[in-house]
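Trainee: Feature table excerpt (TrEMBL):
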type: DOMAIN; residues: B:10-140; note: domain 'Exoribonuclease phosphorolytic'
type: BINDING; residues: B:Arg86, B:Gly124, B:Thr125, B:Arg126; note: phosphate binding site
type: DOMAIN; residues: B:157-223; note: domain 'Exoribonuclease phosphorolytic'
Protein chains: 6
Amino acid sequence: MRPGGRSIHQIRLVKITRHFTRYAEGSVMIEFGDTIVICTASVEEGVPRFLKGKRQGWITAEYGILPRATHTRNHREAARRKQSGRTLEIQRFISRSLRASVDLTKLNEYTIILDCDVLQADGGTRTASITGACVALSDALSNMQKKGQIKTNPMKGLVAAVSVGIVAGEAICDLEYIEDSIAEIDMNVVMMEDNRMIEIQGVAEKEPFNQKELNTLLGIARSGINDLFKAQKIALAHA
Amino acid sequence: MRPGGRSIHQIRLVKITRHFTRYAEGSVMIEFGDTIVICTASVEEGVPRFLKGKRQGWITAEYGILPRATHTRNHREAARRKQSGRTLEIQRFISRSLRASVDLTKLNEYTIILDCDVLQADGGTRTASITGACVALSDALSNMQKKGQIKTNPMKGLVAAVSVGIVAGEAICDLEYIEDSIAEIDMNVVMMEDNRMIEIQGVAEKEPFNQKELNTLLGIARSGINDLFKAQKIALAHA
Amino acid sequence: MRPGGRSIHQIRLVKITRHFTRYAEGSVMIEFGDTIVICTASVEEGVPRFLKGKRQGWITAEYGILPRATHTRNHREAARRKQSGRTLEIQRFISRSLRASVDLTKLNEYTIILDCDVLQADGGTRTASITGACVALSDALSNMQKKGQIKTNPMKGLVAAVSVGIVAGEAICDLEYIEDSIAEIDMNVVMMEDNRMIEIQGVAEKEPFNQKELNTLLGIARSGINDLFKAQKIALAHA
Amino acid sequence: MRPGGRSIHQIRLVKITRHFTRYAEGSVMIEFGDTIVICTASVEEGVPRFLKGKRQGWITAEYGILPRATHTRNHREAARRKQSGRTLEIQRFISRSLRASVDLTKLNEYTIILDCDVLQADGGTRTASITGACVALSDALSNMQKKGQIKTNPMKGLVAAVSVGIVAGEAICDLEYIEDSIAEIDMNVVMMEDNRMIEIQGVAEKEPFNQKELNTLLGIARSGINDLFKAQKIALAHA
Amino acid sequence: MRPGGRSIHQIRLVKITRHFTRYAEGSVMIEFGDTIVICTASVEEGVPRFLKGKRQGWITAEYGILPRATHTRNHREAARRKQSGRTLEIQRFISRSLRASVDLTKLNEYTIILDCDVLQADGGTRTASITGACVALSDALSNMQKKGQIKTNPMKGLVAAVSVGIVAGEAICDLEYIEDSIAEIDMNVVMMEDNRMIEIQGVAEKEPFNQKELNTLLGIARSGINDLFKAQKIALAHA
Amino acid sequence: MRPGGRSIHQIRLVKITRHFTRYAEGSVMIEFGDTIVICTASVEEGVPRFLKGKRQGWITAEYGILPRATHTRNHREAARRKQSGRTLEIQRFISRSLRASVDLTKLNEYTIILDCDVLQADGGTRTASITGACVALSDALSNMQKKGQIKTNPMKGLVAAVSVGIVAGEAICDLEYIEDSIAEIDMNVVMMEDNRMIEIQGVAEKEPFNQKELNTLLGIARSGINDLFKAQKIALAHA
């Protein structure tokens, strides 16, 4: 039996609050159960140096976690003057995933920065970040269209992400912290709305896995992600 | 006429939400109008090296601001691997203020870390931080008593802080960003419940000030801070 | 037609030189075509703090790349006083993969550090690093047995890794730089000798992928990795 | 009885040596008793980016302390690759105070950097820095006029600063280290020549203070600062 | 008797492998016995800011050492985010020596970066670096001539370097680690082909030295360096 | 004709002021003409980790330069969070030189830190630092004897250092900045009282040098250093 009485394929209760803060072009608070992330999208003129003159825009992400988002307090990365490898790995993952959802050549020379800051962490912070950042990005792109900064909406479709894993021999969806910490296999999957994959990262934490197990996990991931698309669409349907 | 139709002595609408996140010993979201800060109190065993064996505890604060808490995005301090002078100055200010509210010799050898993270900034982030951190600290100390970590509550009383200033020749209370940016004089005042001062920082941004102006500002501060004490007490009165 | 006339499933010429440097407990130079990596294994007494007293050992990896390993010179990370996100991501990847190949509870309280330094980079530096580090690790473990630092060999089996991808619609194995830079999909796969997976990382660089494409890529990866196991075994068979 | 037999309102012996080093546009060694600070003013063409094109100049300060300026040696900040929060707080304080003494719109697009380096620290290093830097600034501005870099002298008047505090229940002026370390209240006051305040920072180190105590302290500060203005004027009167 | 049966004036076996890696304009692996260094020369357009418009080029060097180049593993400088004083001292030494061998005014506005990375360290890494970097530099300059980036070869002649020292009262040439660690006097000498000196650094590790000892050491150095010039010329004579 | 009418072998006017600051165990201000350095010696209990239990003490040096010690202002190293290669090279040079003057086995487990901070720089800051630090060290050692921290004075003798060079074909002693900047050859020499050398660093800035030129320079250095020993002895002869 999973915590909270969830079935093995069931994702946690998802809440998406748009316009969470006032100033960002897109601002979303997303909750996957007890995991809470603020995702903001900031639109800035110009592109990084390596793209200058290439007639395209850019999307990048940054990730942070408040010191006491977790059970015991972690040091503040700014105070240590160092972002951990985990932080950098996650923000590169979020960046790639969201970049894949947009036709950058239709973004003109704008950069959109997606800040994903974890207020509370109970597993799945990177998948919640991607799922929430996608909604913030959508809002920012609509905003750009209204302002005339871009003509057409360059978004190819929604993206969402979920973690899946094998715990005590059972394949389950959307692991919370207590499950994640004992998982034999841990996998993060990012998909487009047509269920094609943008990124997949699977790690054998305790025991290697075979292709059959991989396929089982992908099936569960697909189901969970489709539920996330529903939550995103409901949120976006309301002003 | 002030923004939002406030009178010159009136503080903004204050909201204090306790138990905002789950894991911290104290967790408060405080809103001074559009300024929103999460204040958490984390209890850790042990004290810094310079206090070892001195039979007392310690209280310290850290301050951060989400990159898009402001009108335009600021860089992330962790990514720049440097905390700004402003950040360090503010967290030292918060630390001193809260430390003054507690009898450290009754805290045993525990350290309480107060993390103040600004989700949205519209002026007064340091005064909101102190006012909210005081409530989080109170919750953490009650929690310690329940667990038997301390015998008696070492809190000497509440502390609260407000900014006051002179804008267009008029002394006003609790400046929001648009007021702060044009203020002639800007002052932060921290008080105990008996209205004695813990800290006062006054800066002539445009024009020096005399003692009469200082006294006027302190009177306004006293009134605003007393309203903050009421808000703190209401919040603490409810479980 | 691939560069060098390779077939789509064919890995590059692999050369594994053991005892490349004198002082390390394991030292391997591995070449995947023009990609050249030095992998050394260093045995140190003690474990990181979070493992103290847990009666187990630890394996970790560090990754570096000489400034002129690439077509144009990159800055030296030590001189910039910062390891890039890419570097940290890769060394975490190598660490996890090698850790999975060893029963850490049989390693006593020793730490083995695997340094993977790229002398020349033509794609696949992280997969070459894993494949070479495995041989260096094997040598270091034998060395520890000889010295009586461990009783039994804690290695569960060899690990090897290869990159696969889709280039111009075709699934290919062991991409070199010129292929990697235009790949639609890029995937790194790490396997044990029984072909179960330790880690899989797939990224849609240009176009999302479906499960059929994923399975094709995994099949190719399996074939390439099995060739790498042969090369490792030949190298290990000779003193 | 105070150390050195001073009365409670009396400042320490002040010595101001102009032209202390050769190369700076202004160079002053200031002594407040055993506290010794070298203040240099350096004139540079150009202004920081945020002021470009705004037809004004800029004044900023940096603060440092030699490792063995104190009773026991402190680490060298450059060697630790970090300026402490205290250092940054002090240099921001000095910057604001001196900036207030000059009409920046008459400074053309020049930046004046005030370096305050403490050779020996016996309390009051920040107030000595402000008082000495004002003289160095005055010399630098005269120098700029001579060179034709500015037409009129943009200085609005002298500024000086003193610390005041309550020690053993008694309000005293210009605390030396041994007094500062046991003070109940510690306050730094910066004034213009007309005794209007530029900045005031008061901290209850042990016991909160009321408005009457504040006013007493400000009165003492005024008296001490007026003595500092005399010392500055005597120094400036001699070539 | 010296290790390996060398006579007191004899340098270790020197091997110089040109074209060691593929991409650099000059790439040399040099071995002084068990000391192995990769020296690459990278040609970049442009010069550092302080040389802009001065119609000359620039040559600079960077030095690194793989973590397990030594008997026990050293930390990775990039991971510590700091280059040691020793590293910076050595790379400044290499830079000066190679710069002295070239007429920078004939280099046009190009910068040549010499990366010296130590794969294995058995004493003399800085002298091997200079000797190898000189060959890499020569190759890079020939390459520039072929490409028409420069008209004439700006090299004034070869440079080579050797360490000499007094060990157990005996003056010896080209110290290996075991000798270096017990040397009473340690000296590095860099010469042009005419045996004039470019740089000399002599340190009394245990006992001061007089001019006679210095002259003896210089004589030995001359002999060793002349052997190095032969090795360089043989290497350069073969395509 | 040299600046100030000096003869080619003549050192600048040397002034050594002992007890310059109050708190250090040794504190010296040394002037070589317009070069002014404060050298303090701080005695601390304990030794660095690599010497623990080896029954000896340690001597180390740190070097800094005030931002406006020079003609144009240099950045503050603490603010850049980086010590330059030049700084590190110099402080290693000072450390080695002073360490050579003391029998560390007679220093018990104490560390003496020599801080050399340049107030004004007109060439020769490292040689002035060594010469001044030697006097500060001598004072600190006497102080340790008085306190009973050591039984006998472990100093082997005085050390002093001077720069020599060839300017316009002429060998000269104790170069000031204007000479140093155009020198063909630049050499720093450190000697014991018996004129044996502790360290010698010679660099051909423009033209290589032969042994005869080296010997001429060493002769000049000897004469200059002997004058420095006189100045040290006069300073030490007076309480």
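Yeah, the Cβs are placed from backbone N, Cα and C, and that goes for glycine too.
Bear in mind that TrEMBL entries carry predicted annotations, made automatically and left uncurated.
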Trainee: Limited to the domain 'Exoribonuclease phosphorolytic' (B:10-140), I'd like the whole-number average of pLDDT.
Mentor: 97
Trainee: When secondary structure is assigned with DSSP, how many helix, strand and coil residues does the domain 'Exoribonuclease phosphorolytic' (B:10-140) contain?
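Mentor: Split by secondary structure, the domain 'Exoribonuclease phosphorolytic' (B:10-140) comes out as 41 helix, 43 strand, 47 coil.
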Trainee: Kindly report the helix/strand/coil residue split of the domain 'Exoribonuclease phosphorolytic' (B:157-223) according to DSSP, in that order.
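Mentor: Final tally across the stretch: 17 helix, 30 strand, 20 coil.
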Trainee: Select one residue from B:Arg86, B:Arg126: among these binding-site residues, choose the one with the most other Cβ atoms within 10 Å of its Cβ.
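Mentor: Answer by Cβ density within 10 Å: B:Arg126.
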Trainee: Residues other than B:Arg86, B:Gly124, B:Thr125, B:Arg126 within 8 Å, Cβ to Cβ centroid, of the phosphate site?
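Mentor: Checked against the 8 Å cutoff, the neighbours are B:Tyr63, B:Ile90, B:Val118, B:Ala121, B:Gly123, B:Thr127, B:Ala128, B:Ser129.
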Trainee: Among the binding-site residues B:Gly124, B:Thr125, point out the residue whose Cβ has the most other Cβ atoms within 10 Å, with all shown protein chains included in the count.
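Mentor: Ranked by Cβ atoms within 10 Å, first place goes to B:Gly124.
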Trainee: Largest pairwise Cα distance, Å, within the listed phosphate binders B:Arg86, B:Gly124, B:Thr125, B:Arg126?
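Mentor: Comparing all Cα pairs, the maximum is 13 Å.
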